[in-house]
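Colleague: Dropping the structure in here first, questions after.
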């Protein structure tokens, strides 16, 4: 499936990605720069970074299995995520930035107190590492099958690349890398979409719509309507919670320049989640026409449909370009992994090392320790991903749903409701997390999936298929955990009268900050706009130029032109950013 030219493209791309950290290294002058990009990032930087965090190799592998079987189901699912970002746009984006905090744990401390802050970071770090390891495992399983590298070696190599990005300038290099990676994903995926939909065997949009099987639009022919409807609705609720969660996607808004830029970033996410599923999933549907049996292409994969996107990309793209798509899938996962490393390093330095070990640590020492903890956490991430990959017994889609249902709901409730509702005592945060984890564990251990299907979803004595069983497991754990966590959170408000005056003042001060716009002059904010345009524009221009060199790879003329189109698009973005940079420098001089 891959040729020597593809391997060369992959190698060069990985080296380029590793270099991003070094290019941005001098930008990180203090801990704020390293852990939140200095709180001066522009909307288009954080918007693309947020979009990259929401995507991953999961989109092109695990989600592709559902697309291969149920077609438009996953597109509908992604579109149901759009309301989450509308809520962020109208109500939360500016409020999160205006907290004026460096790490998420700083916000938890202001809302719930120091004990909850420490409890939070030592629960959040393992949770983040588990999710980051899952992304690393997902992309490594795919790349191992596509490239032919042993799985454990693939995990090690990709883990080192992610570490290099995070080591450079921390959050600054992570966000800059996310923008570049997302540009590649959009350009590469759009190319696959156009070339797959225009295949002679497909016949354009009209031919595509004529060939789609019944299960692609009539989901009830594949899965019971009581299950797929409930799955979509619960997924929408969970996305609203997760996108609003300050400790998950909401953390991106801590890096934005101000509340106005934060809202622009949220608007970009709203548009992105409407367009991205079309670009990513339509080629997988085409693959089901071209390759009705993927086991012939991927005989060594436990679930061959996880390679559907790769199969159609290899079918429609010229030599060398397939390697770029492999890189795009890796790029889609980088954001989640390096964000997990950087965020956890921030907890370790700002909320543990600085508070308990070295209270007098200066900014230089905190920067050094940030990099030390990044390396330590990277070793843990690689080890955990290797362990998960070698002990996985279910498909990636089911596995990722299981991890999310166990890890996310217990943490998300206090991190969302705590910043929109004041009247709960100091112990609400940690106690809600404990109640949530207990509910998730007990549900997973003692609630029978078959019983839930029989009595809740109306299956009676009819057995569920593997798809239905996996969805029911996810829904039961998630729903029970959410209900228990939310109920407990608001139950604790009965004890609000016992809250000390000092804690009430702390909460009022936090909510007052959230309502107060950023004043760059009064708060002595550093203007790094020109730096962002310069560095990211240069990276895009260099990468685009390298892509255009693919014209030299021996292909037909039309196939050579694909490299010119793709490289030109990436370089064009870089050129626009550099043009804005020059105008800003001229205006400032």
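Just so you know, glycine gets a Cβ as well, placed from its N, Cα and C.
Just so you know, TrEMBL annotations are computer predictions that nobody has curated.
Keep in mind the model is a prediction, meaning the values are calculated, not measured.
Straight from TrEMBL, here's the annotation block:
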TRANSMEM  6-28  transmembrane segment
TRANSMEM  40-60  transmembrane segment
TRANSMEM  72-93  transmembrane segment
TRANSMEM  119-143  transmembrane segment
TRANSMEM  149-172  transmembrane segment
TRANSMEM  184-205  transmembrane segment
TRANSMEM  265-291  transmembrane segment
TRANSMEM  311-334  transmembrane segment
TRANSMEM  368-389  transmembrane segment
TRANSMEM  401-420  transmembrane segment
TRANSMEM  472-496  transmembrane segment
TRANSMEM  535-556  transmembrane segment
Colleague: Compare 40-60, 72-93, 119-143, 311-334, 368-389 by their Cβ pairs under 8 Å to the transmembrane segment (401-420) and return the stretch that comes out on top.
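Modeller: Going through each listed stretch, the top one turns out to be 119-143.
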Colleague: Report, as numbers and ranges, which residues of the same chain sit near the transmembrane segment (535-556): CB under 8 Å and 6 or more residues beyond its ends.
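Modeller: Cβ under 8 Å, 6 or more out: 5, 9, 12, 16, 20, 23-24, 27, 45, 176, 179-180, 183-184, 318-321, 324, 563-564, 566-578, 580-581.
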Colleague: Do we see three or more Cβ pairs under 8 Å linking the transmembrane segment (119-143) and the transmembrane segment (472-496), pairs being at least 6 apart in sequence?
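Modeller: When sequence-distant Cβ pairs are counted, the transmembrane segment (472-496) does not touch the transmembrane segment (119-143), since fewer than 3 lie under 8 Å.
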Colleague: Is the number of Cβ-Cβ pairs under 8 Å between the transmembrane segment (368-389) and the transmembrane segment (149-172) three or more, considering only pairs separated by 6 or more positions?
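Modeller: Between the transmembrane segment (149-172) and the transmembrane segment (368-389), which are separate recorded stretches, there is contact, as judged by 3 or more close Cβ pairs.
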Colleague: Considering only Cβ pairs under 8 Å, which range in 40-60, 72-93, 149-172, 265-291 makes the most contacts with the transmembrane segment (184-205)?
Modeller: 265-291
Colleague: Quick one: find which recorded stretch in 6-28, 40-60, 149-172 has the most Cβ pairs under 8 Å with the transmembrane segment (265-291).
Modeller: 40-60
Colleague: Give the nonlocal contacts of the transmembrane segment (149-172) in its own chain as ranges (CB under 8 Å, at least six residues past its ends).
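Modeller: Tertiary neighbours of the transmembrane segment (149-172) are 14, 17-18, 20-28, 33-38, 41, 136-137, 139-141, 143, 255, 330, 334, 337-338, 341-342, 345-346, 370-371, 374-375, 378, 381-382, 385-386, 389-390.
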Colleague: Would you mind listing the long-range same-chain contacts of the transmembrane segment (40-60), meaning Cβ under 8 Å and 6+ residues beyond its ends?
Modeller: 81, 135, 138-139, 142, 172, 174-176, 178-179, 181-183, 185, 249, 252-253, 255-257, 261-262, 264-269, 272-273, 276, 280, 309-310, 329-336, 339, 396, 400, 525-529, 532, 536
